[in-house]
Amino acid sequence: MITAEHSRNGGAALSLGLKVLTSRWFMVFACLLIMSMSGAHLHLRHLLQRHQDFSRLRPDNLKPDWVLQGRRQQHWSHVGHHQRIDASLGGARHRRRHELLRHFQNTGALVTCVKNFPESRGIVIGLLKGFTGLSGAIISQIVHAFYGHNSKALILLISWLPAAVSCVFLRTVRLMKVVRQENELQIFYDLLYASLGLAGFLMILIILQNELVFSRAQYKGSASIVLILLFASLAIVFREEFKIWKSKKVTGNESNDPTHLKVTTENPPPVEAPGPEPATRMAAQPPKDQEKSVPWWRDVFKPPERGQDYNILQALFSIDMIILLTAITVGGGGTLTAIDNLGQIGKALGYPTKSITTFVSLVSIWNYLGKVSAGFASEIFLAKYKFPRPLMLTLVLLFSCTGHLLIAFGIPNSLYAASVITGFCFGAQWPLVFAIISEIFGLKYYSTLYSLGGGASPLGAYILNVRITGHLYDREAMKQMAAKGLIRKEGEDLSCVGVQCYKLAFLIITATTLIGCFVSSILVMRTRKFYKGDIYKKFREQDISAR
């Protein structure tokens with residue numbers, strides 16, 4: 001009796017465990033964990049910036065391979081840094097050889113999650129990209145807990161940990177049958193609340209660790225709390241899957257209970273015999289072997305309606321895509337430029353070193369808040385008020401001009417507010433851009449189009465940062481050296497002090513961002529009818545047919 005009861009309990013626990021591990025919500029948790037490790041290179045970047053006196057990108061210290069693709073390239077790049085870390089942290093010659101690692105877009109996790117939750121894509125993108133924004137701070141706590149300030153160990157950890165997490169969930173992240181739950185939105189809200197708790201704790205840690213000296217034991221304690229908060233989402237997943245499993249179990253018991261069986265008899269409707277098909281219809285349909293396939297190049301400039309599945313070339317040459325990429329290149333590149341130079345801007349404006357370290361470190365928190373805010377708000381506004389996402393993107397670009405102007409005019413103590421605005425706006429752009437691409441051009445080739453959209457802002461940053469900001473900074477620094485009667489030695493870094501160092505550059509960036517706002521407003525006008533309609537109608541019809 002007892003043995004049979006234990007056997008039933010064990011079987012139930014095994015059934016529940018398998019249900020959780022193969023569920024859509026556990027897949028979401030796996031994606032969140034993958035994304036929380038995907039920005040590990042940002043911690044490396046901050047480390048190298050600290051050792052290089054916050055040196056910014058300039059034409060003489062930037063190599064053209066500013067886009068890295070795949071974990072394999074990222075791994076060997078980090079190993080290369082490990083092999084020459086001591087040399088890289090000292091000497092201008094090695095600093096010029098430094099390759100700044102760009103953000104690794106974990107396309108597989110995000111695109112799969114969007115396809116599994118197509119009617120909540122803005123929320124999904126905002127939440128996943130938000131965890132990417134927190135990943136640098138999470139990795140930082142793990143590194144300090146295990147290795148202290150050992151730079152070599154840091155490089156090796158970053159080279160294998162993100163890849164290991166991706167391999168663990170290799171079979172978990174997959175396309176699944178789309179069945180929308182009634183409480184789907186509430187579950188995403190619960191995951192948002194868990195991530196807000198993690199972000200709040202990380203923000204407090206960053207401030208305390210920049211003001212106080214933490215011991216190794218304190219780092220371990222703080223990292224333990226970070227990991228507990230990171231895995232809090234798993235409890236939400238388990239709770240939801242337990243409810244589903246329990247309800248199905250009750251339904252299954254009721255269906256097997258004879259007292260719940262209902263027998264009904266109906267007279268089946270008479271089946272009419274199909275009549276002969278008209279000969280004209282047969283003649284109108286040519287045999288399949290006579291059908292001519294349309295060459296791929298003929299459809300490039302004949303795209304389907306918005307919301308349908310474009311092929312890659314149709315999307316690439318679409319006017320909507322050209323407008324969107326132009327807007328994010330000239331508009332979004334400015335925020336990335338500001339973030340890249342934030343430490344050097346603070347130094348030029350005379351901010352204390354501790355303050356510079358604090359607001360540079362907190363950019364990841366504002367980045368996270370921008371991503372989740374834009375993702376959730378745009379989805380809610382779209383569902384309730386038919387508020388188009390391109391219009392929200394235009395407002396975000398317009399708001400970012402405030403941060404650029406604060407930097408340009410160097411108002412006392414305004415850099416704190418500028419860092420918050422810039423970090424928030426930079427984060428808010430991406431859920432909007434990626435959701436717009438998925439809505440207008442469809443999900444069939446979303447992986448490729450997602451990667452295409454992600455390359456627009458780095459291109460703009462290269463132009464605005466390297467060719468404009470770096471050049472103008474160096475020119476002003478040379479003027480200051482000449483005024484002091486100094487001559488620049490070979491390999492010597494230039495240092496500029498004062499508002500003039502970045503004033504002209506950020507006035508230009510403000511002007512280009514306003515151009516991006518204007519270009520984005522063109523997309524708003526072109527897609528206003530599309531967003532007034534029911535853009536998720538076909539997914540609801542597929543859901544009904546699947547049920």
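For all residues, glycine too, the Cβ spot is worked out from N, Cα and C.
In TrEMBL, annotation is done automatically, which means it is predicted and not curated.
Positions annotated as compositional bias 'Polar residues' by TrEMBL: 251-266. The compositional bias 'Pro residues' annotation in TrEMBL covers 267-277. Residues or ranges marked as domain 'Nodulin-like' in TrEMBL: 103-238. The transmembrane segment annotation in TrEMBL covers 25-44, 124-147, 153-170, 191-209, 221-238, 315-339, 351-369, 390-409, 415-437, 449-468, 504-525.
Residues of the same chain lying 6 or more positions beyond the ends of the transmembrane segment (191-209) and with a Cβ under 8 Å from any Cβ of it are 28, 32, 127, 130-131, 134, 137-138, 141, 222, 225-226, 229-230, 232-233, 236, 358, 361-362, 364-365, 368-369, 372, 376. Counting same-chain residues at least six beyond the ends of the transmembrane segment (351-369), those with a Cβ under 8 angstroms from any Cβ of the stretch are 42, 46, 49-50, 54, 130-131, 133-134, 136-137, 195, 199, 202-203, 206-207, 210-211, 339, 342-343, 415-416, 419-420, 422-424, 426-427. Residue counts for the domain 'Nodulin-like' (103-238) by DSSP state, with H, G and I taken as helix and E and B as strand, are 108 helix, 0 strand, 28 coil. 315-339 is the stretch from 124-147, 315-339, 415-437 with the greatest number of Cβ pairs below 8 Å to the transmembrane segment (504-525).
The stretch in closest packing with the transmembrane segment (415-437), judged by the count of Cβ pairs under 8 Å and taken from 153-170, 315-339, 449-468, is 315-339.
Contact between the transmembrane segment (153-170) and the transmembrane segment (315-339) does not hold: fewer than three of their C-beta pairs are under 8 Å, each pair 6 or more apart in sequence. Below 8 angstroms of C-beta separation, residues 300-301, 303, 306, 345, 363, 390, 393-394, 397, 400, 403-404, 407, 418, 422-423, 425-426, 429, 433, 436-437, 440-441, 445, 449, 452-453, 456-465, 469, 506, 509-510, 512-513, 515-517, 519-520, 522-523, 526-527 of the same chain, each at least six residues beyond the ends of the transmembrane segment (315-339), sit close to that stretch. Sequence-distant contacts of the transmembrane segment (124-147) (same chain, at least 6 residues past either end, Cβ-Cβ under 8 Å): 28, 31-32, 35-40, 42-43, 46, 103, 106, 109-110, 113-114, 117, 153-154, 157-158, 161, 188, 191-192, 195, 198-199, 202, 205-206, 214, 216, 219-220, 222-224, 226-227, 230, 361, 364-365, 367-376, 378-379, 427, 430-431, 434-435.
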